[in-house]
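The structure under discussion appears below in the form of structure tokens.
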Amino acid sequence: MPHFIDLGVNVDHVATLRQARRGQEPDPITAASLAEQGGADGITFHLREDRRHISDRDVELFVQTVQVRTNFELACAADVLAICCRVQPDWALLVPESREEVTTEGGLDVAGDSGRIADAIQMLKDAGIATSLFLDPEPNQIEAAAKLQVDAVELHTGPYALARGAAVQHELRRLADTGKMIRDAGMRLHAGHGLNYVNVRPVAAIDGMAELNIGHSIVSRSVMVGMREAVAEMRRLLDSVTIAAQ
């Protein structure tokens, strides 16, 4: 069955578990292979400036061994940009980054910092890498991204994932409205952050959604059922949305 919504699996937290003992296992490269077997359409990994989980060696091995699309998540930092341009993943996702944060806490401020981001985008484009931006579902940010002519925008779904009660529908509407802006501007619509097996279907059902990137919930589930099955379960959820829409 065709995968009308692509599933990108973020394997960062396999590396987080490895780093808890500063050892060699679990191996995120093996996890990526198992995710592919479970139905992942892409593998996402974030090489942070502090190298808290994914390592430079991991990045090299992902690009060399992953058979589906590779999605290199990074900040606009010169050394990491240079690594990305050298290893040439299929996609680069630019995100904000703070050493104090536990995980990415919000989208890029493209509207307020377009110069630095534009320079990073140009470097990536010159290297032949498709580019996307991680943005909050705010119209001014989408308008700024459209001017930079990126290939995709990944909407930050964290506020939706944390919402309760009536706020859930409010956040879904924000995602749907800005998603339409993204598609109308000719960019590919992606989304991610905080999505799990309970809350993913309404986001997957947003008109024109092309790709969801999901990490922590899949890695958490994999502790119980294995990576291949954890990814397959998420794949079935996304496929059920596609079937319902037909």
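Glycine too: its Cβ is placed from the backbone N, Cα and C atoms.
Marked as active site, proton acceptor by Swiss-Prot on the basis of sequence analysis: His46 (among others). His46 (active site, proton acceptor) is surrounded by 24 other CB atoms, counting those within 10 A of its CB over all protein chains shown.
Counting only same-chain residues six or more apart in sequence, the Cβ atoms lying under 8 angstroms from the Cβ of Glu73 (active site, proton acceptor) belong to Asn10, Thr44, Phe45, His46, Leu47, Ala92, Leu93, Val95, Phe134. Secondary structure at Glu73 (active site, proton acceptor), taken from DSSP and collapsed to helix, strand or coil, is strand. Feature annotation from Swiss-Prot assigns active site, proton acceptor to Glu73 (among others).
In this structure, His193 (active site, proton donor) belongs to neither helix nor strand by DSSP; it is coil. The active site, proton donor feature in Swiss-Prot is assigned to His193; the stated evidence is sequence analysis.
The DSSP secondary structure for His216 (3-amino-2-oxopropyl phosphate binding site) is helix. Residues annotated as 3-amino-2-oxopropyl phosphate binding site in Swiss-Prot: Asn10, Arg21, Gly194, Gly215, His216.
Annotation comment: Swiss-Prot describes Asp12, His13, Arg48, His53, Thr103 as 1-deoxy-D-xylulose 5-phosphate binding site. Taking the Cβ of His13 (1-deoxy-D-xylulose 5-phosphate binding site) as reference, residues of its chain lying under 8 Å away and at least six apart in sequence are, in sequence order, His53, Gly215, His216, Val219, Ser220. DSSP gives His13 (1-deoxy-D-xylulose 5-phosphate binding site) a helix state.
For Glu154 (site 'Transition state stabilizer'), the Cβ neighbour count at a 10 Å cut-off comes to 28, with all displayed protein chains included. The site 'Transition state stabilizer' annotation in Swiss-Prot covers Glu154 and is backed by sequence analysis.
According to DSSP, Arg21 (3-amino-2-oxopropyl phosphate binding site) sits in a coil region rather than a helix or strand. When the binding-site residues Gly194, Gly215 are compared by the number of other C-beta atoms lying within 10 angstroms of their own C-beta, Gly194 comes out lowest. Here the Cα atom of Arg21 (3-amino-2-oxopropyl phosphate binding site) is found 19 Å from that of Arg48 (1-deoxy-D-xylulose 5-phosphate binding site). When each of the recorded positions Arg21, His193 is scored by how many other Cβ atoms sit within 10 Å of its Cβ, Arg21 comes out lowest. Taking the C-alpha atom of His193 (active site, proton donor) as reference, the shortest distance to any of the recorded positions Asp12, Arg48, Glu154 belongs to Glu154.
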